[in-house]
Amino acid sequence: MGWFNKIFKGSNQRLRVGNNKHNHNVYYDNYPTASHDDEPSAADTDADNDEPHHTQEPSTSEDNTSNDQENEDIDRAIALSLLEENQEQTSISGKYSMPVDEDEQLARALQESMVVGNSPRHKSGSTYDNGNAYGAGDLYGNGHMYGGGNVYANGDIYYPRPITFQMDFRICAGCNMEIGHGRFLNCLNSLWHPECFRCYGCSQPISEYEFSTSGNYPFHKACYRERYHPKCDVCSHFIPTNHAGLIEYRAHPFWVQKYCPSHEHDATPRCCSCERMEPRNTRYVELNDGRKLCLECLDSAVMDTMQCQPLYLQIQNFYEGLNMKVEQEVPLLLVERQALNEAREGEKNGHYHMPETRGLCLSEEQTVSTVRKRSKHGTGKWAGNITEPYKLTRQCEVTAILILFGLPRLLTGSILAHEMMHAWMRLKGFRTLSQDVEEGICQVMAHKWLDAELAAGSTNSNAASSSSSSQGLKKGPRSQYERKLGEFFKHQIESDASPVYGDGFRAGRLAVHKYGLRKTLEHIQMTGRFPV
């Protein structure tokens, strides 16, 4: 059947298609539509005579020569008849068939005559194969007349052997119906009616030369891009490809916020608390020191010194619950960024600080400017704070704890728990420690407080150890975002890559897990190192 395949494939129209992962080939195949109105051929005219049909018995050996000559004449007549019939079908099929040259037509006719001429001969009305009578007027395949039941030469009837082509039994993968004559698609290892090959996204037929796939589902390229091509969470545009043709984007390691690399250099603001970038359709609140705060973080932000006092009392109770009560009264002040930086410069004990300082435990006498009262914020901008000077006097080893204003409650609390540990160790007479040990154990305490807060929030208890209330500090169960924010602050502590805060925390956490907090602190006080 290779020769037939060559003829049929000669009329294929190939459309090469593909997506960003694979190229898919679609074939539009055109086959002649069967004609039921073919005019009779010369052999048909002979068969329509009024003379009665005579059935001849098989010839003897003496008649072989004459019979061979007659058979050759018959074969030639059949070939011419099939050639004329093929030309009639080609003209009727119109747009569904591709023109072929005369040599190809003659080759097709000769091939068919060879098949017909070599078919077995039977007497009129005899049965063939499964008891089906093949004779004048019999239908063959798809209800089309095959050979027209014509009688050739001396009344002998030629019953053609059924020739089954796989293409006659094509099943559409879309509707599971048979694909008859005409145009069809071959793609995704299946055959389709053109109207059945549809986009999985919009359910409309795919008629373009290229398409995309996800799994075994086809998509228009535009539909695939809309569904699967990543969009920037900042500008809401499709993330562009780089010079190598690959989609390149940035993503926050915790929030998985995807954004174009260009936003890292185009002054797109970040929230100073959660570090998420500001989307184009969202307005962050700008504090008077230039920091930006997203609306979710603003919802629980601690804005002035008075508002922070209940939280301070709660953390004091947290330490007392660990048998680590801070005996002296240490002032807590919320300050702006400039005041915090100035106080850090005035501190002489040489503590290590991060580039963005958000808390400070002071041991020197100085005057700082504290946020006494918060101001209402206008549209997208903080109106300002009412500040007043505060004179720090040295009554003990610790003069004050300073915290940056405008941070969410959980972040403010974790910073306060960190600075409280500095104060506790100084008041307990700990020796001067290496930076990684001191900052590491302070980070352990901040992490422990966050753990306790999130656990208390899961039992619908907010600040379980504090009965005080304050404007802006809400009671009741935490919102889903606030719990997520608390997990983010824990993640920041755990994933810190700095050798002082990050490595120090991991070493201190391991020691506390192995020996307990009390024994770890005793070992630090005696040796200045974490127990191993």
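The backbone N, Cα and C atoms fix where each Cβ goes, glycine too.
Record features (Swiss-Prot):
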type     : residues : note
DOMAIN   : 69-88    : domain 'UIM 1'
CROSSLNK : LYS95    : ubiquitin cross-link
DOMAIN   : 101-120  : domain 'UIM 2'
DOMAIN   : 170-230  : domain 'LIM zinc-binding'
CROSSLNK : LYS221   : ubiquitin cross-link
CROSSLNK : LYS348   : ubiquitin cross-link
CROSSLNK : LYS376   : ubiquitin cross-link
CROSSLNK : LYS381   : ubiquitin cross-link
CROSSLNK : LYS391   : ubiquitin cross-link
CROSSLNK : LYS474   : ubiquitin cross-link
CROSSLNK : LYS475   : ubiquitin cross-link
CROSSLNK : LYS519   : ubiquitin cross-link
> If one looks at the chain holding LYS519 (ubiquitin cross-link), which residues at least 6 apart in sequence have a CB under 8 angstroms from its CB?
Replying inline: PRO531
>> Within the domain 'UIM 2' (101-120), what mean pLDDT does the predicted structure show?
In response: 52
>> At a 10 Å cut-off from the C-beta of LYS221 (ubiquitin cross-link), count the other C-beta atoms across all protein chains.
In response: 18
> So, by DSSP, how many helix, strand and coil residues make up the domain 'LIM zinc-binding' (170-230)?
Replying inline: 8 helix, 20 strand, 33 coil
